[in-house]
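Feature annotations, courtesy of TrEMBL:
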- C454: active site, phosphocysteine intermediate (ACT_SITE)
- N368, I369, C454, S455, D456, G457, W458, D459, R460: substrate binding site (BINDING)
- 687-714: coiled coil (COILED)
- 1-11: compositional bias 'Polar residues' (COMPBIAS)
- 210-662: domain 'Myotubularin phosphatase' (DOMAIN)
- 1-20: region 'Disordered' (REGION)
Amino acid sequence: MSARRSTSLRDSSAESERMEGTGSWDDWFKLEVQHPASRSVSHHANYKCLLEAERVLVEGRGVVLINTDEAGTLILTNFRLIFLTQNTDYMFSLLLFKSEGTENIIVLGTIPLATIEKFSKMVAKNQSAPRHSEKTPSQRLLQVIGKDMRIIVFGFRPKTKQRRAIYDGLLRCTKPSRLWDLYAFSCGSFKFTNANPKVRLLNEYFRLLGKGFCRASMDMINNGSYTMSNELWRISNVNSNYLMSPSYPFALIVPKSISDDEVIQASNFRSKGRLPVVSWCHPKTGAVLARSSQPLVGLMMNMRSNTDEKLVAELCSQLGDEKKGRRKLYIADARPRKNALANVAMGGGSESSSNYFQSEVVFFGIDNIHAMRESLSRLRDYLDAHGTTSSDGTLSLLRHGGWTWGRGNLSNMSASVSTLGDSGWLIHVQSVLAGSAWIAARVALESASVLVHCSDGWDRTSQLVALANLLLDPYYRTFTGFQALIEKDWLAFGHPFAERWGMPTVSGSSDRPPDLCRQSSVGSFPLPPMHQSLGSSAPPTPSSSHAQNQHSPIFLQWIDCVSQLLRMYPFAFEFSSAFLVDLLDCVLSCRFGNFFCNSEKERQQVGISEACGCLWAYLADLRSSEGRSHVHSNPFYSPLKHNGPLLPPAAALAPTLWPQFHLRWACPTEAQAGELEAQCRMMSIKFSKLQKAKEEAEKKAKETAIAMESLSAELRNEKQLSSSAMALAKRASKETAAIKRAIQSLGCKVHFASGGDTTADIETIPLKTSQKSMFSPSTRESVGIAPHEDKSDLSVSISVAADDVSNNPFGRVCDTLCPLRTRDGGCKWPDAGCAQLASQFIGVKADYEALDSLSIYEGYFKTVSTV
């Protein structure tokens, strides 16, 4: 493969002429020869694609992205390398381009500075035309290799200083000597702030101990009141000042029967003071998953610690039935047995099952960080060589004038395919998956406790423990649980992210200028075969040994394992593969501070949570706009389908390449293999819209029903009022008739005018002349009857204005005739007693008329009385 790829860039004379001959570079862009960094800042301010606090440092125009054969503008900022172009006529534009206003950002050519693993200058000669080699200038190339599986090559016009300016800028910015020179500190927390990670760690501890109803706070941490416990385990603050173990978190879950003094004694027997502590406990069986570092058994492997043995024995708590005795303990050493024995020379080693009660030691045989680093490098070269497009700009199927698969030869094709296996990456992934599945099965099926460790307990141990947690607890397969898992078993327990990703450390931060040769990973990664004969001018290989290179994709490998589980159990995870890719991109970019430094202690010293933005808040903000329909959400997620542990059989643990991550640069079309997931998400979006429309329709129907009920209630009230009015009318009619009869009995005639006036005519009844009154005038006066004249009748007409009386016509008649009427016209009924006077008056009048009609002399009564 090396021989085939070494001449691929020069075999095509047409390509060479396009880039160097006949002045084709001038046809793409008119270049400015002066140093790009000398341009005014006002020109840089026109870019709309810049993020918060992102500044343009260097700019080069007329640069060609060799991978895609596109020309544009290459911009170096304090955060990333951006490649812009106005030309979108490219067959992969739908996959590789993201439009932001009028600036088309080529995603392949845009890479954060922290994601760059190494870069080098190269010179490509035009070997197809040796006679004109002196006249034709060489191609000035800049190769950029990323930690995210991409290899980018930029081409610059000869006789310009643009490549030099970009190269020098990358030397200054990609490997800053001080931690606070990273972009995350310039950007600040902005709007992506979150609670202190120590608070979130305590909340997870409370959940594990069955105290989920308690909520942690900074006050609780400051006063040390977080030391809660249950029947078996307790939270200890013995490491609150990080003196016992600087790489452990401030709070630890230990057996309740072990005192803090014993915890400190046990830490002296473990590497880096990382004693066995509980990472997860089964809520029903009491089985635990614990972690630690290797024991310090010494050169003769005869060193022991009674306190360490007692602590490990307490991890095997009593089973539910006392007759069954204590549970079994498995001590899982993640290293190969030979590596564990090799550590004896440095005082380390492994446990002896005879020294630990009812235990069994198992070796998983997972290779160290150096093997993982080299394996990923080989996989990256394989994908670049056999992908759809390569960093040399040619299609893999047309390279060398034929197929890259051995020019169609079947045996050579098989050899090319075997190159993927030679990288060893999938074998390493399978080893981690198998070890984690074995651990989960022991805890779930045997109710046994498992203690996991490697050498220092922060690389392979974190992989195995975190993945076993993911298999055992459905909570960790949700968004919030996955965050809690990473913050607990990766961040709090001290995985050295700064060393593994090549970021500045707290101890290494200083004011000295960056070393131009500070690319320890450059020497350990050989250049791809296609570039070995291109005259590379990369910085010289550092003198440091292979073992001193601490860069390794341990966390990336763990995320790859999670993606394999997501492929096997698509209904068990709330998040999607796209979420894992974006999570990795954020971690590699160093845009947020969550994964800075090597331990919780260092992040607290720097004040990361206050000075930098929070990655989790950023990802949550992305999902908040679309909810379940967001690309980060798994449309197949069904929590009830897998509400228990996931126990994959060994036959199912056959990993494949992770398309969304491994193939997205080399094979962009094939990386979009999740068509079913995309269609399901579209259906989910449509269903969500229909569900919202249904909810709105139901809401409107409910509002209509409420309005109808309100109208019905009003109608019922109107009917009641109408019935009451009818009753009042009937009652008023009866009262009117009664009043008429009463007034007519007084000799009055009452007329109700339609205009509201009331007229009452009072007439005397004509008397016969032959009849004499039995009462004398004095008697009549005494009873209150006024003497009347000899006229035939007496007519009195009284008119009362409508506004002086009430609206009731009967009230108006009453007010007209009432002798007890007040000045203001108000009626005193029934307190006035006018009804009683009226009835008495009518009785007296009737009696008077009856007596007056009799012709009896007064002497008759005298005679009767005498008798």
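Including glycine, each Cβ sits where the backbone N, Cα and C put it.
TrEMBL does not curate its annotations; it predicts them automatically.
Sequence features, as recorded in TrEMBL, placed on the structure.
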residue	record	CB count, 10 Å
N368	substrate binding site	18
C454	active site, phosphocysteine intermediate	28
D456	substrate binding site	19
W458	substrate binding site	27
R460	substrate binding site	29
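Taken together, the residues of the coiled coil (687-714) have an average pLDDT of 90. When the alpha carbons of C454 (active site, phosphocysteine intermediate) and N368 (substrate binding site) are compared, the span between them is 9 angstrom.
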